[in-house]
Amino acid sequence: MGWLDRFTGGRKPPDPTDLWKKCPKCSEILLQKDLERNLFLCGKCDHHLRMPVWDRIALLTDDNSFLEIDQEMESVDPLGFVDSAPYPERLQKAIQATDSFEAVTCGEARLDGRPILLAVMNFEFMGGSMGSVVGEKVTRLLERGLDKRFPVICVSASGGARMQEGIFSLMQMAKTAAAIARLNAAAVPYISILTDPTTGGVSASFASLGDVNIAEPDALIGFAGPRVIEQTIRQKLPEGFQKAEFLLQHGMVDMVVHRRQLKATVGRLLQLWA
Amino acid sequence: MTREFDFERPIVELEKRLHDLQTLSEDGQIDLSREIKAIADKIALMKAEIFKSLEPWQYAQVARHIDRPFTLDYVKILCGDSFVELHGDRYFGDDPAMVAGFGRIGPHAVAIIGHQKGHDTDENLFRNFGMPHPEGYRKAMRIMRLAERFKKPVVVFIDTPGAFPGIGAEERGQSEAIARNLADMSRLAVPILCFVIGEGGSGGALAVGIGDRVFMLEYSIYSVISAEGCAAILWKDASRAKDAARALRLRASDLLEFGIIDQILPEPLGGAHRDPAATAATIKAVILEHLAALLPLSPEELLARRYAKFRAMGRYKVQDDAETPAKN
C-alpha cells in the first residue's frame, strides 16, 4: 500500500464538532470556517488559537511556492514501547487524525520572493513531540540551508521529546543544535518562531537557538511545564508566567509578533541581512 | 557502613550470620572456619546472582544511591590536590549543583565539569539534589571555553535527576542555557570525554553531554525522562515507575546496543560505592586511553567526527523501506 492510500483510505465523515471551536481565552464560540478566514484568531478577543500546519505554511510563504521535502519519512518503534497502548498504534492514530506522517512538515519555499527553508510543527500529532523523525527532518532542513545558503525558519509547537522513543528522542536535541551551530558559523540566518505551546526538549534545543526568536502573543513557552513546576516547588505560579510576554520581559525572545505581522516581520529581517 | 538496597536484604541476613559466627569463633574454642567460609562463599555467590538479574528499576536505585561516589569524590581520587574549583557564570551567580574547574589526571591538565549531588540532606539542599539552574550550565560552558582557549581537554561527569524546574530557572532561561550548551559543545575545539556516573536525567544531563566519547558506568542510567515522570504522564500513575523504567530502556547495556554510548565501564560487585577507588581507577584508565587517541586529531577532524557521531543518532524509515538508522 502506497503512502497516499494511507492518507485517503478509511477517511471518516466530518464530525459536527469539527465545525466550531471555543476560544480558550474568552470562551466565544467560533465557527471553523470563520477561523480559517481569520488566521485562527478569535474574532472577539484576538486570541491566537493553534494554527493548522498548512494554514501556517500559507501564512508565511508566497502563494504556491512551498515544496514539501522528506514527507515520506516515518517513525519506527526502536524500543518496542508499550504503555497503555503500543507506540505503533498511537502513531497510526496520529497519522489518521492529522493526515500527516509526523509532527513536523518541512519544505522549500519563497518569502517575498526570497528562497527560504521552512519547518512547521504540528501540536496535534502526539503533542508535537520530537522523536527521531522530527529531529532528522529538522536537521536535514538545517543542513540544506547550510548547503544552499538559504535562511531557515522553524515554527515550533511541541510538548517536548517523545517519551516513546526514549534516548533516541533526547539525542535529537543534540543533533539539531549541532546543525544550528554549523549554520551560525557559516552566517546563514536561522529564525525561530515559537508558538503555543513550545516546551521541553524542543524549547531546550532548536526553538531557543534562533538568531532571532519570535513568539506569538500569549504562547506558553518554557523548559518545564507549569504543572511540573507547581508540583516541584509547591506554590502557585504568578499570572502570565511562561507566556510570550514574560519571555520578552526576561530577555529570552526578541519580540512578540501578532500573526498578521509575522510574515512581514520575518521578511524585513531577511532583507536587512541579505 | 553503607545503606543497603531492598534487594540486598537476603545478603544482609547472611552477613549478620557471618559476623555472629566470626565473633563466636574469635571468642571460643570451636573451629568454625569451615562454616564461615561456606557462608562467605554463599554471600559472594548471592551477590553476583542478585546483581546479575537486577530489574531496570533496580538499576535506577543503584544509580541514585546516596552513598554512590559523586563528581567531587572522583575528582578527589583522580586529581588529588591539583584540582582548582572555579565558580560563577559571570552573569547571575554560582550554582552548587554544577561544579567546574581544572585539575591534573595522570600527565594531563584537564577541565572538569560535573553535576554534584549531596551525600546527606543538608548537602543535598545546598547542591539542590544535583539539579542545575541556568547559571550552572553557563558556568560549565564558561569553563569549557577556557579549556578551549588553553587547549586542555574536558572531562565531564554526568549525574543529575534533571535540570531544575522552578520559577527562577525559567526566568533566567533554562531552555536557552541547555540549548546553547548543546550547540557550543558541538563545536568546542578540544577533546571532550563524558562519563555518566549515576543518573543521566534528560536535557539536564545532555546539556553537558556532547562528548567525543560518552561512557556509562555499569549501574548508571541515561534517559529522556525519569521513570517516575514517564509513569505519571503515560500511565497517569507514578507508582508504575517500575514498568516505565523497563519500557524506557535506560540501562547502559541498552544505550550501548542503540549506539548512543561508546563503552560500559564495569563497577565493583554491589556498585561503585562499594569501592570508589577501584571505580575511579577504571575511569582514569579510560581517560588516558582515549585522550591518547583524541589529542593527536586536528580540531577540524575532531569536530567533524563529533558532528557525525550525534548526527547518526535516530531510527526511522523512509516510505516502504526497511527500518534504517540515520545516514550521515
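From the backbone N, Cα and C atoms, a Cβ is placed for every residue, glycine too.
Per TrEMBL, the feature Zn(2+) binding site maps to A:CYS23, A:CYS26, A:CYS42, A:CYS45. The secondary structure of A:CYS45 (Zn(2+) binding site), as reduced to three states from DSSP, is coil rather than helix or strand.
The domain 'CoA carboxyltransferase N-terminal' feature in TrEMBL is assigned to A:19-274.
The average pLDDT computed over the zinc finger (A:23-45) stands at 95. The zinc finger annotation in TrEMBL covers A:23-45.
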With an 8 Å cut-off on Cβ-Cβ distance and a minimum sequence separation of at least 6, pull the same-chain contacts of A:CYS23 (Zn(2+) binding site), or say none. A:ILE29, A:LEU30, A:CYS42, A:LYS44, A:CYS45, A:HIS47, A:LEU49
What are the non-local neighbours of A:CYS26 (Zn(2+) binding site), defined as same-chain residues 6+ apart in sequence with CB under 8 A from its CB? A:CYS42, A:LYS44, A:CYS45, A:HIS47
Which of A:CYS42, A:CYS45, all binding-site residues, has a Cβ with the fewest other Cβ atoms inside 10 Å: A:CYS45
For the recorded Zn(2+) site, enumerate neighbouring residues of the same chain (Cβ within 8 Å of the Cβ centroid of A:CYS23, A:CYS26, A:CYS42, A:CYS45, site residues themselves excluded), in sequence order. A:PRO24, A:LYS25, A:SER27, A:GLU28, A:LEU30, A:GLY43, A:LYS44, A:ASP46, A:HIS47
